[in-house]
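Summarising the annotation, TrEMBL assigns active site, nucleophile to C2. TrEMBL lists K604 with the feature active site, for Fru-6P isomerization activity. If you look up TrEMBL, you'll see 2-217 marked as domain 'Glutamine amidotransferase type-2'. Marked as domain 'SIS' by TrEMBL: 285-425, 457-599. What TrEMBL lists as domain 'FHA' is 468-531.
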Amino acid sequence: MCGIVAATAQRDVAPLLIAGLKALEYRGYDSAGLAVLQEGEIRRVREKGKVREMESQYLADPFPGGTGIAHTRWATHGVPNKVNAHPHIAGHVALVHNGIIENYASLRSELESRGHAFTSETDTEVMAALIGERLASGKSLLDAVSSVVHELEGAYAIAVISDKEPGRVIGARRGAPLLVGVGIGENFLGSDAQALIQVTNRMIYLEEHDVVEITRDRVRIFGQHGEAVERTIHESELSTDAVERGEYRHYMQKEIFEQPRAVADTLEARIGPHGVLPNIFGVNGDELLGKTKGLHIIACGTSYHAGLVAKYWIEDYARLPVNVEVASEYRYREAVVPDGTLFVAISQSGETADTLAAMRESRRRGYLGTLAICNVPESSVVREADLKLMTRAGPEIGVASTKAFTTQLAALGLLALQLARHRGLDDARYADLTAQLQSLPKKIEKALELEPQIVDLAEHLIHRQHALFLGRGAQYPVAMEGALKLKEISYIHAEAYAAGELKHGPLALVDEDMPVIAVAPNGPLLDKLKSNLQEVRARGGELLVFADGAASMDGNAARGSILRIDGGGDFIAPAVFTVPMQLLAYHVAVLRGTDVDQPRNLAKSVTVE
Ligand code: G6P
């Protein structure tokens, strides 16, 4: 999704802005641009496509200057092209924006009736025009921005410069993230810490409705009513190494292989000799969990799949009812909230617009409390939740989520155990489940060793147009996640079904051209799944079965392949079986030559609705 970088410094800022944009590429975008104040004049370069294409344009005709703004755009209003790319200029103002202005059409007609001509189809240009008008009427840039943001409906993070006020950048946020990078004799704005870590590790996370003014030697922040406010400076622990690709061909591959460490970090110091520690939330969560009579889990995309796995665990081990729902649906319907229900938001980024809005909506629906399961400590979701359970995946750059998912499962595993203990699960089973969870990093490491065999399997899929994924029980959401990974990065159409649903429709699709990928559990449902696979085989479909090492699968893959995996036990098997699904999607995408880390049309952090 759109990324913002801005700087005011004594040195030339264009190289810093371009480096910042490159660090934001992971968010997904389709055009890029920057504007710099050069000797009292706004100079701008914009280009459709990658940051490096915009960079070569800039290098062909560079414009040094100490104040500038830059942007990667993920198209919402208007196609991805140069004219719609940011920054937008109106009068003496240049502006970049992340978000969606919902009342832009009426604002645009008002401006047109006053004679303003627009060059783009974007909602953003309306903001630039309004600020430009206020500036022309004699307001300062700070006052112009502050007054305009009050008239906007929707979500925004913006950075604005004016050739009338060199050396100054004004920023504002509502519903989209923006932070200040505090330097020495220079200051910055960025969409996230990754964009700024190359220039400073001192960050201020702006609050909703904040307006900020940065100059080289000062940062001033104003709250919703224009009052000066103080915000804490955080020392970011992010290292530039954490956002480097290292020896790996793609970030996605690096992140798949980081999973044993990321899961181990997520579990570290959270399990003691007698089980899960009460302070996994940073504070003692016993009181809230003790009162919990049910859970509503809300999330989007991959995080939603993690929630679906957790439903199986929590209902089975803690005997508590769990509803899991995508945030975009939940926020607009009147969900019934029984007494004692805990609201759980799962989000890697903590900035997903629908998840955040659902969490805010939940406040008026009478929940027991809110718990955020998240990877970014300073994110909006974490800041607004009552309890937080942090995954410790480190920065995830590949758009297709991998280590975020398995660390979410590790965190949800801790939650399930914690709830199970409150609900009196018997000691032997509790001890078995705890031991399984502790062995998860090792089991994932073992699953990663299957990469060479998965490369061979990937060859089978590269010329296919479609694929079906099947699973049962807690492996059903894993099949969903496998299908999502494949479609996201290889652009092969993939659907997941609970295997028992096969004969209720999708079986009609099965023929020699339809590969069927099955995640086989090793438990009471295995025989049922085997029957479902026979149904596929009888129709000539090609089977690709991921089976638990101990499971007997004989006779089921006459036309197909079986890959054996040590699932590590019924509890953690979904997390372990996810790994070959990720590797399969990754290698199919590599063989098909797609842009693995930044697949077309997708964004990493979806900060608009
Ligand atoms: C986007 C990403 C997905 C992610 C989803 C939810 O669609 O491309 O990978 O699962 O957003 O993101 P979140 O940060 O809330 O987990």
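Cβ atoms here come from the backbone N, Cα and C positions, even for glycine.
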Secondary structure content, the domain 'SIS' (457-599) (per DSSP, counts of residues): 64 helix, 31 strand, 48 coil
Structural state census, the domain 'SIS' (285-425) (DSSP three-state): 63 helix, 28 strand, 50 coil
Per-region confidence, the domain 'Glutamine amidotransferase type-2' (2-217) (mean pLDDT, whole number): 95
Between K604 (active site, for Fru-6P isomerization activity) and C2 (active site, nucleophile): CA-CA distance (Å): 10
Per DSSP, three-state class assigned to K604 (active site, for Fru-6P isomerization activity): coil
Where the residue listed as 'active site, nucleophile' sits in the secondary structure, as DSSP reduces it to three classes: coil
The residue listed as 'active site, for Fru-6P isomerization activity', number of other Cβ atoms within 10 Å: 26
